[in-house]
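Here is the structure we will look at.
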């Protein structure tokens, strides 16, 4: 028998080489069991991998901080519809009645902000009266009679439709507000508000019906005996991981996806509240039944949080993005301080998130009024106290958000950015006929707003994001080198609600 002679040599880097030598099998096994790895020779590579692990571990804490701040921003916008909007509509209607009676013909009947408030109020009243013809019980039994797989498909279609409605609905409302408040030379031009108003009423009504079907489907899932539908609907959240994790993301794209997640989570909370109200009504407000629903509610919320954490953790890992969310806080806080839009501080921030409170608030009002019966003076007193409590919560929430945002802006030395004039039509190039020279003073006098209240329609959609990016001192050095053009944020405000990537 021929003897095989092999020599195993290990260098300083842990690499193994086979050379001819007079060694036995025992020597070979001993070398395999005692050789080292020498990790210190690849210090940079292993340090980078360790930092990626630390980044993934920091994601839950940093993400929940951002989600909590965004939740209170959405709550501020949502409470505005129930608290301050009715009072503002009443004040606007009183002004509409008193100004002609007092003989103040030279002054405007309503300021632009008041016009928008009145339009919102009329939209809510008309849509609420239309919602009265929708039978919730018949819808519930119609959905309950469907098979599990069909309900799963319906729920997925409703989620997609909700994002599409949110994306297009804000443009419909903006078109209505601007058509109603833009300067008009002839009274006949005011007729153009009517088709925009009808379109806005139709949109809010259809969007509210869509959210009602979502809530009804979720209610059927809660009341199913084997909970199979609820499990399938929660597992649908994990499909979202597959659709987003393996795509290329820049920091701006991650910021917009975070805004969409904030809006989606807040909407899910309201849907769960509606489901609990409907179930408690069916069981005569028995508190014991709430604890029957409580585990399912916690399970839905926990699955949503887990999906968001996993999704953001792996996106930051695959795209080498740090776990620092201070740039995201900077943009949200700066937008909150800068917002002069549509009579509410949180309006521009909710626009950035794609959150439209009118359909959701309309559905909640419809469910509460049909579930809670008000009888007697004591009930009216309870409703009044509850309304005063909501106003108090809204005011305190706004004060805290605005105070913390202004403090942050002051500490970051960004105060001068707040007082820079927004882009107006006067700054845009005007096309004039060369053969007919025009006085530029007359043009600017007709283009510029006549009062401070006319500037409420300027929202921080475009160049204000450039201010935020320029003032964002918290971005890390590597992020500054790889930053996409500042124009990107202008294009992603309301066009990435569906969660697609932006190249």
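Glycine is no exception: its Cβ is also placed from the backbone N, Cα and C atoms.
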Of the residue ranges 66-83, 84-101, 102-119, 156-173, the one that TrEMBL records as transmembrane segment: 66-83
12-33, 34-55, 122-143 - the range that TrEMBL marks as transmembrane segment: 122-143
Where TrEMBL places transmembrane segment among the ranges 337-354, 355-372, 409-426, 427-444: 355-372
Range annotated as transmembrane segment in TrEMBL, from 303-327, 378-402, 453-477: 378-402
Positions whose Cβ lies under 8 angstroms from the transmembrane segment (197-222), at least six residues beyond its ends: 119, 122-124, 126-127, 130-131, 134, 136, 139-140, 143-144, 151, 154-155, 158-159, 161-162, 165-166, 168-169, 172-173, 176, 180, 229-230, 233, 267, 271-272, 274-275, 278-279, 293, 296, 356, 358-360, 362-363, 366-367
The transmembrane segment (122-143) versus listed stretches 66-83, 355-372, 378-402: most Cβ pairs under 8 Å: 355-372
Long-range environment of the transmembrane segment (355-372) - Cβ separation under 8 angstroms, sequence gap at least 6: 74, 77-78, 80-82, 120, 123-124, 127-128, 131-132, 136, 165-166, 169-170, 173, 204, 207-208, 210-212, 215, 262-263, 266-267, 270, 273-274, 277-278, 280-281
Same-chain residues near the transmembrane segment (66-83), Cβ under 8 Å, at least 6 residues beyond its ends: 120, 124, 258-259, 261-263, 265-266, 269-270, 308, 325, 328-329, 332, 336, 344-347, 349-350, 353, 355, 357-358, 360-361, 365, 387, 390-391, 393-394, 397-398, 400-401
